């Protein structure tokens, strides 16, 4: 059972999943993406060299790891090919090790146009999407009008389907959003090129993963974004368009849920959020909220989105929201990242409850964004530490105050912290329990 591990974010994304996936894939044969698209940014630092991946699983930097993009991922062929190029220029074999489900919905130029037109139309009520066509592509999938990777291999049928769906989208773009239409001929010509370039990588992902499981190969499933951005369980409508939770693994890859052995939840030692939406423990947003501790977290933590480059909002660790993430994902253990960012703070706060307008106190976060926005955090204060934890590789190297902070998080959430990250490099990590050995 321990052969198959899920790594996912338990906050609002940007928790540091890429580094941990890269670290743990030393023991894996497969790394699988099961949801999202190129709106996710995973940053890896290996021997000081920085790599940012958006679509390709983080295991691509490990020579013997096969990387899989499951059917739950919305695939932009343009973005994928752009991402492959610099990796191949560095001598990393991508085509031989990257496999794509034929059932992946395609992101095409009209999805991007629709995404951006909608955000402009929303004005101050904008959700804060990346503008990369993710939501509209998922919409087409659910409406059963979407084009999929497998459609590229019958170009005559593809052209007919494309014409129909583009008439639908262009009508909305022109008549409702007062935007420019997207050229059918240009999109079709692009698609012909994609078919030729992607063919060799397309496989039956479900069959491949089942065969790997039967051989005893270790499989890692790499989540994108975070639990609180899940389309069903997040702070709706300020969410992404896919299931970012553990339940998304089976649906987004075709891998049977009974075969998942360990679920690793990734959480920062504090909280961040990009874009709009409620954030009860928020300290700093660069605009209205200018708390110096929040600014410290953003500056020292280099809190800028890997995909958007946008400044992340920062705040204290939220055990209330974490309890909800644990319920949804049945988290086996945590990896606490960016512990070193807290170095030098005299005191730390952990949110232990939400006080609501009616005077009630919630110990588990509510579902709706409206309720989130009315929550006042109840804090527990703990002493900080002045010692340097950056790059620590053992518990003995951590000050007692840091150990106390970690222990308190375990007590408040009821889940053990099995891994602690103390820097961006893969070796700046303390592993108490290895997920593949749990």
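Cβ atoms here come from the backbone N, Cα and C positions, even for glycine.
These come from Swiss-Prot:
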BINDING   13-19, 41-43, 312, 338-340, 421-423  GTP binding site
BINDING   14, 41  Mg(2+) binding site
BINDING   14, 15, 16, 17, 39, 40, 41, 42, 130, 144, 225, 240, 310  IMP binding site
ACT_SITE  14  active site, proton acceptor
ACT_SITE  42  active site, proton donor
BINDING   306, 307, 308, 309, 310, 311, 312  substrate binding site
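All features noted in Swiss-Prot, drawn onto the structure.
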| residue | record | contacts (Cβ under 8 Å, 6+ apart) |
| --- | --- | --- |
| 13 | GTP binding site | 40, 224, 225, 226, 229, 244, 273, 274 |
| 16 | GTP binding site | 266, 268, 335, 337, 338, 421 |
| 19 | GTP binding site | 43, 44, 45, 337, 421, 424, 425, 426, 429 |
| 310 | IMP binding site | 274, 275, 304 |
| 422 | GTP binding site | 339, 340, 389, 390, 391, 392, 393, 428, 429, 430 |
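In terms of local Cβ density within 10 Å, 41 ranks first among the binding-site residues 41, 309. Sparsest Cβ environment among the binding-site residues 43, 130, 225 (other Cβ atoms counted within 10 Å): 43.
Using a 10 angstroms CA-CA radius around residue 14 (Mg(2+) binding site), the recorded positions that qualify from 39, 42, 309, 312 are 42, 312. DSSP classifies residue 16 (GTP binding site) as coil under the three-state reduction. The distance from the Cα of residue 311 (substrate binding site) to the Cα of residue 42 (active site, proton donor) comes to 16 Å. Between the residue listed as 'active site, proton donor' and residue 309 (substrate binding site), the C-alpha separation comes to 13 Å. Taking only the Cα positions, the spacing between residue 130 (IMP binding site) and residue 309 (substrate binding site) is 10 angstrom. Put plainly, the binding-site residues 311, 339 were compared by Cβ crowding within 10 Å, and the winner is 339. Residues 14, 15, 16, 17, 39, 40, 41, 42, 130, 144, 225, 240, 310 are recorded as binding IMP; their most distant pair of Cα atoms lies 34 Å apart.
Cα-Cα distance from residue 309 (substrate binding site) to residue 41 (Mg(2+) binding site): 10 Å (rounded to the nearest whole number). Within 10 Å of the Cβ of the residue listed as 'active site, proton donor' there are 25 other Cβ atoms, across all protein chains. Cα of residue 41 (Mg(2+) binding site) to Cα of residue 312 (substrate binding site): a span of 13 Å. A separation of roughly 15 Å, to the nearest angstrom, links the Cα atoms of residue 312 (substrate binding site) and residue 39 (IMP binding site).
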